[in-house]
Amino acid sequence: MQEQYRPEEIETKVQQHWDEKRTFEVTEDESKEKYYCLSMLPYPSGRLHMGHVRNYTIGDVIARYQRMLGKNVLQPIGWDAFGLPAEGAAVKNNTAPAPWTYDNIAYMKNQLKMLGFGYDWSRELATCTPEYYRWEQKFFTELYKKGLVYKKTSAVNWCPNDQTVLANEQVIDGCCWRCDTKVERKEIPQWFIKITAYADELLRDLDNLDHWPDTVKTMQRNWIGRSEGVEITFNVENSDQKLTVYTTRPDTFMGATYLAVAAGHPLAQQAAANNPALAAFIDECRNTKVAEADMATMEKKGVATGFNAIHPLTGEAVPVWAANFVLMEYGTGAVMAVPGHDQRDYEFATKYGLPIKRVIKSPEQKAYEHALEYGLGSAKNPNDFEPLTHNQRSEFLGLLTAELNKPYLEKDGETYNSGKFDGLSFEAAFNSIAAALITKGVGERKVNYRLRDWGVSRQRYWGAPIPMVTLEDGTVLPTPEDQLPVILPEDVVMDGISSPIKADPEWAKTTVNGQPALRETDTFDTFMESSWYYARYTCPQYQEGMLDSKAANYWLPVDIYIGGIEHAIMHLLYFRFFHKLMRDAGLVNSDEPAKQLLCQGMVLADAFYYVGVNGERNWVSPVDAIVERDEKGRIVKAKDAAGNELVYTGMSKMSKSKNNGIDPQVMVERYGADTVRLFMMFASPADMTLEWQESGVEGANRFLKRVWKLVYEHTSQGEAPALNVGALSEDQQALRRDVHKTIAKVTDDIGRRQTFNTAIAAIMELMNKLARAPQEGEQDRALMREALLAVVRMLNPFTPHACFTLWQELKGEGDIDNAPWPVADESAMVENTTLVVVQVNGKVRGKITVAVDATEEQVRERAGQEHLVAKYLEGVTVRKVIYVPGKLLNLVVG
């Protein structure tokens, strides 16, 4: 065995062994318990970043641990390879997206192998290949035939720079999340999948996901947004149109003082024909921000349409306004406004001088009115009231006025100003007013969802073509199965403006049943590919259909899925939805795709910048920052090599924008893959943010060197004898107890608690004890071998290259990749001694170690031999002894 730990020599050798032996390739085996460990597949951007490394290290640690438990472990990897960045990179590099993508895949694959991840590479897939997306296209046509797919013209967020539609979540402060261009509103035809048909099941089944983070489940519940309410129809004066609104607060209906419609609503469009101000407002709204965060914070604007609706219960005229906070694609494109009980409605009414009518009496309002009418009562005798003084009356009038001059938003009051519905609680008013509306034929109880159908059309090139065609007579049909896959041409020229398949009229031409037809030139949202890849991993070479159900049902559901919480309401919702679609198509038999979700925390690093000549921020890599620290290690001053004074902004997420990413490859070349992996798992709990500190990486490297050194010293002494547990001394038994307690703790930390950092800490603590342990005697060496074999196996999931080599040097049986996880010996963990605190007159004077079965007399005798205790007993008489067996001895002296 070489004396020095040299990762650059051992890691490549071990990786070659895994490749040659196909160590991590698996097949279905009904005789073994399966375990499917999956990390979210990467986008092939060109190079791995530390976020990737953290995600995949967590997955690999779990997969290797489960493998050592004897399970049949599947850990696959692939590439989420379609998407807009490839188009931009292709234009920039004067190439096409396909070669750029495939080159990146090849490079990143080598990086993943360099880190020692135990993937089944035989299952590798790339979502941009026809072999993959052909099944997605076929499935889409089947959904169309089921009525779960439709096309409609829809107002969308349009990025004029990228020439594509953006989801609401991709609009940040009114700008494109990717290129920061101002987003416009545009009406275009798009394809949708009816995720709303599954809204109730998606919501209900969250209750069955016991091992998903509550934060993710809450985010999905809120996104689905189930509500119970009433749909109400209003007639419109001087118009044959009707307005339909939905409200979850029919108890406030008698306080509706205006209606608001979207700028694109037919009634607003009709009114605009003779109203230039309204027409101008509608044009302005075409570019309104529609991301929900923006809707909540933007200035509320509106213009009166000139139309009045008729309140169906009072017959009163209610003005109709066009407002920028109402969207056609949400609900009916019209809302009723109750400014007395809604903050947004109140602000709008105040701004435009619209009536405000309160119809729910708050407890405060009720108390103030009661005091003004009856005076103040005694707490002991509430029927005994004293009239208010002049000052008290003024005070209560002020309080009442202040209360009435703001909207009351709660549901704990009672109705008033509501005619025959006065004096009712929320629930009673809800039911009574709903019943009255239903009786009049203008109301219907409904369950609504905030969730909208999934728009899957994208106006870009680098995506899977949508398999639909249009005949010359306008008939729209799914692409016939014998024409699938609709292959995206890869040998294209990118001009940075239009999609090559939109720019080439010949590509769209086809025939269906002998009739000329045009192919759809939109491509799928890339969330389509990432919504079912996990299932295709179970049978990537299967050619008879989308999935081999036998293989899929053996491996699915995924046992643990690892990825960032930023995917909570997009990918993870579509992921669940697609699984239910596949279930209903008879492809899988489970209801949910993954039993457990682990959301890893972000990786943070120091961020520095200097101010340029034009006031701009120039971000400097932390690698290039020369820093000064105070006595507590805090950065107090920094500059770069050019002498620029740097502003330190603290730790922030590694990103290109702040130039604070750390290249994993550089770290692996400097310290070795095992060191990087160990630091990633030790520096922070898996679900918390990780602060990158190279000093911590150096510490992980030093620890591995200590492990290597101890194994080297042990093996240099020759073969160790067999362990004879019965012949161990007390000290040897104590050390063996520590070994097996560590095995028990690490097993629990990795397997149940998934607190990997505490598992590593426990191994480090044990290593410190082993480093101090004697190795002269035969049983010392036998015990050391048992301990080191356990340590190497416990470290194996974290640092597999070093452990592979150390296992061989220790002459462990077979390869460590097939070795079982160490099992704690319960008998070894039994304590035969205990620590007793000794007090004299209630004050701690010492601690003694005694046998667990020691008598009180033996404990007293042992305490008297303790130097610190003995000096307090000199010349005094012990008058009383208080003994708590195995814990405390208190000697009362006088």
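Using N, Cα and C of the backbone, Cβ positions are placed for all residues, glycine too.
Annotated in Swiss-Prot:
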{"type": "MOTIF", "residues": "42-52", "note": "motif ''HIGH' region'"}
{"type": "MOTIF", "residues": "653-657", "note": "motif ''KMSKS' region'"}
{"type": "BINDING", "residues": "Lys656", "note": "ATP binding site"}
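Long-range Cβ contacts of the motif ''KMSKS' region' (653-657) within its own chain (Cβ-Cβ under 8 Å, at least 6 residues beyond either end) map to 49-51, 602-605, 619, 692. Other Cβ atoms within 10 Å of the Cβ of the residue listed as 'ATP binding site' number 10 in total over all chains. When the motif ''HIGH' region' (42-52) is classified with DSSP, helix, strand and coil residues number 3 helix, 0 strand, 8 coil. Across the range of the motif ''KMSKS' region' (653-657), the DSSP-based residue counts are 0 helix, 1 strand, 4 coil.
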